[in-house]
Amino acid sequence: MDDLFNSFMNGPDEKGRFGNYGGRFVSETLMPLILELEEQYEISKTDQSFWDEMNFLWKHYVGRPSPLYHAERLTEHLGGAKIYLKRDELNHTGAHKINNVLGQIILARRMGKTRIIAETGAGQHGVATATVCAKFGLKCVVYMGAHDVERQKPNVFRMRLLGAEVIPVTSGRGTLKDAMNDALRDWVTNVRDTFYCIGTVAGPHPYPAMVRDFQAIIGKEAKEQMFEAEGRLPDTLIAAIGGGSNAMGLFYPFLDDKDVNIIGVEAGGKGVNAKMEHCASLTGGRPGVLHGNRTYLLQDDDGQILEGFSISAGLDYPGIGPEHAWLHDIGRAQYVSITDKEALEAFTLCCDKEGIIPALEPSHALAHVMKIAPELPKDHLICMNMCGRGDKDIFTVAKYLGFDMD
Amino acid sequence: MTRIDAKFADLKAEGKKAFVAYVMAGDPDYDTSLELVKGLPGAGVDVIELGVPFTDPMADGETIQLAGQRALAGGMTLDRTLSIARTFRENDNTTPIVLMGYYNPIYSRGVDKFLVQAKEAGIDGLIIVDLPPEEDEELCIPAQKAGLNFIRLATPTTDDKRLPKVLQNTSGFVYYVSITGITGAGEAQPADVAPEVARIKAQTDLPVIVGFGIKTPEASQGIAAVADGCVVGSAIVAELAKGKPVNEVLAFVKTLSDGAHRA
């Protein structure tokens, strides 16, 4: 067979499917909007002026390229594989989220949309969206679960400082999935002027592909930087997964490099067990349809969606991007889970050994690095995505470590 | 010919508009819900839309979301929803029942298994909000093959170019969504709805029924007058949510159906 047909990088197909996953499971009111978005994205994707604008802002506003950093003391401490961290936590707003937001907002402007809506869990995507909207003078409305508004107060204040309206979502159980439901309800009501800026590689086609394409800058840079540092490809890629956008961004440019091991790390919460106190959709869920796409979901026997549980609000989503679901089924990527306790150990180790306070999301990825690195040879190259910084998490961590912040 | 086709043929012969009522299966509990459903034909309801509770009803406003949560909290399941229909059929073999809801509970059951069970329970049609024509092979085509109507939503954003695609595999009737928005919000305006209904009728012989934003007997009459009938859901569910007994809710439904039937 021709190499092109063996590529893992051709998805999605014209129906927005990665294998059997993805698709466009939305109400008729939204369908014409999604088709228009797809059309406009296809045009912009091949328009050099679109990418010129992106590249300029990535460089001067976001601060790209982010460094690929050899974590020397961590490597020494674990005593095995050579560990590199892709420093996307150094981006403006403190996480990888802005890579994608910038792309969608530039697209929204080209489409003549004047009002931007977004959902947010931990608040990082909300902050990134509020930031770029402030920069361009666009109206911004962020839906956030009432429970998350309570536990992520600093990010709520940041969004408000940036001029965004933050709407606490009390419908359902007031979590990230409910925030996404309410954002969809807003979109279905305000169809003419509103652009829905989704924060992860999920939702109806073309979102999973579009968000991946904007986040793929992470993997493209990492590949070049690794060649510069080591003259070759990394052996293993590791990234944390909630919806899966930072992971997809790192993985995508390496999918056809068949010797590169790819590992996604889901939030195991209190442990992946029958009690569902976790957010590991791939390791603990099964295929279903929610929020416009078919993917692995946490659900009960009757197809009702369950709430996830994780110490990390950014991983607290009962689904996962459809491309990950496909990569899981075909075995191109491996997916594992890490518990809250393991993530906290990685968090403190990273502070101690590298002087980097990681977000709780990449702390999950780091915890898996800690598990596998000691058993690997010293010339084995690991590239882990440090997708966010931990400033937002210090209150949560303080509570677990028994510090009194009041 | 399904019960839906037969019902609309009868209404046409009588020169009457259709009144469609939506209730959530299992709200607030199984027994009350069954009693309400059993009383609907007597309250002038021509077609029953039976809501299937789902945790994440993205196209619904607060009234129907909360009804679904109450039902789920009371132990409602897909099986028990079908059981309401089956029990209803013991005494009524003509009033059509359309299941309305979201795809995941059906996908989770397995489409083929679900269709056999739905048919056996006396279900006549399906309205599945998150299955646009682009996903027809999922459920729409298998459902038609199994002898169930698949009723599609047409909306204000469905332009003339797209309308044929929406109508292509639709059967039973066309459900026109009067507003851009969610259930229970806004107010359907006959002057806005009339040209839209005409636009759809120019491309199909199916009855066009209008729903969303109809809350009073006057609105029911006004909208039914410019279409083949109308649907009321949230306003009925809201009466039940106030804790009113079933006979009072049915009395309210009767005022709505009288409105539509006057049109």
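Placement of Cβ uses the backbone N, Cα and C atoms for every residue, glycine included.
Copied from TrEMBL, the annotated features are:
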| type | residues | note |
| --- | --- | --- |
| ACT_SITE | B:GLU49 | active site, proton acceptor |
| ACT_SITE | B:ASP60 | active site, proton acceptor |
B:ASP60 (active site, proton acceptor) to B:GLU49 (active site, proton acceptor): how many Å between their Cα atoms?
14
Using a 10 Å radius around each Cβ and all protein chains in view, which of these active-site residues has the most neighbours: B:GLU49, B:ASP60?
B:ASP60
Helix, strand or coil for B:GLU49 (active site, proton acceptor)? Use DSSP.
strand
